[in-house]
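TrEMBL lists 125-152 with the feature coiled coil. Look at TrEMBL and you will find 8-123 tagged as domain 'Response regulatory'. TrEMBL lists 159-377 with the feature domain 'Histidine kinase'. Taken from TrEMBL, the feature 4-aspartylphosphate covers 56.
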């Protein structure tokens, strides 16, 4: 059987007999805390949060009205219901109590039945209010999650409708030109078309791969399969894959990753992170530029990897929005290369899945350094 925690009631009264009477009336149904002055009550409230406060009005020093005023001005205590204990029955006095924020009053001398009923009613109301507040918070969180899901769906369809269509259109156009019976292409003309065909095919492949990985993440269908990895090997693989693109823009690729900086990570995710970060750097680095991939160990048992370019850089607004799915940050590259803005979002999710962090440092017209951490063990 699950034992329900007792509600805590704070009784504030300068008369010991009143404290004794009310405590006796309440019995052991509630947890009781008592204070013999307004000042002591505030000290107690710095340590505990009762579900209800019974507060005497006429007390030396700080009276009940002043105490109530302080409670309602404090973020931590303003929601606690206060019932005034009073010998006053004038309407003006009772109205004054309500104006200070009290929810009810109990007159002296105390009637045991009245005390129990009023306390029970206001505790029930307080619990219902707390439950409604929790349900409202839960509903707000679900609404935010639903909005995020809708934004992700819109992004997905936007990529399919526009970003996937563009490279396919280029591919189809060139293939139709080559296949057109009325067009006789020379060997040299065909040779000139092939790099563009290859580039469009590579763009489509990279985009589809990112889309599939991102889709798996949204469906929680992507597991992290961690293993010990030599990062230098993976970097060499990715740089080899992107070498042709770098050569087209005469960009130098430098691998300064230490082979001894092994990490415990998902190899496919690590490969995808590097491929997207280096592809992004290639896109925004001008001809003759340089991209450096490096690593260093951290004291907290992690390794930091960085991809630094000499490209066009980003302003602070772009940096703040680049990981947001609903911002749709996609800027043409220095050679008008197209992108979806999905790559960096995918990188962030893959890195965080492996208990890492991603950071961006950038200066407009000077370059960008994107670094991320992965665990050693």
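The backbone N, Cα and C atoms fix where each Cβ goes, glycine too.
Helix, strand and coil content of the domain 'Response regulatory' (8-123), in residues and according to DSSP, is 50 helix, 24 strand, 42 coil. Counting every protein chain shown, 25 other Cβ atoms lie within 10 Å of the Cβ of the residue listed as '4-aspartylphosphate'. On the 0 to 100 pLDDT scale, the coiled coil (125-152) averages 89 in this prediction.
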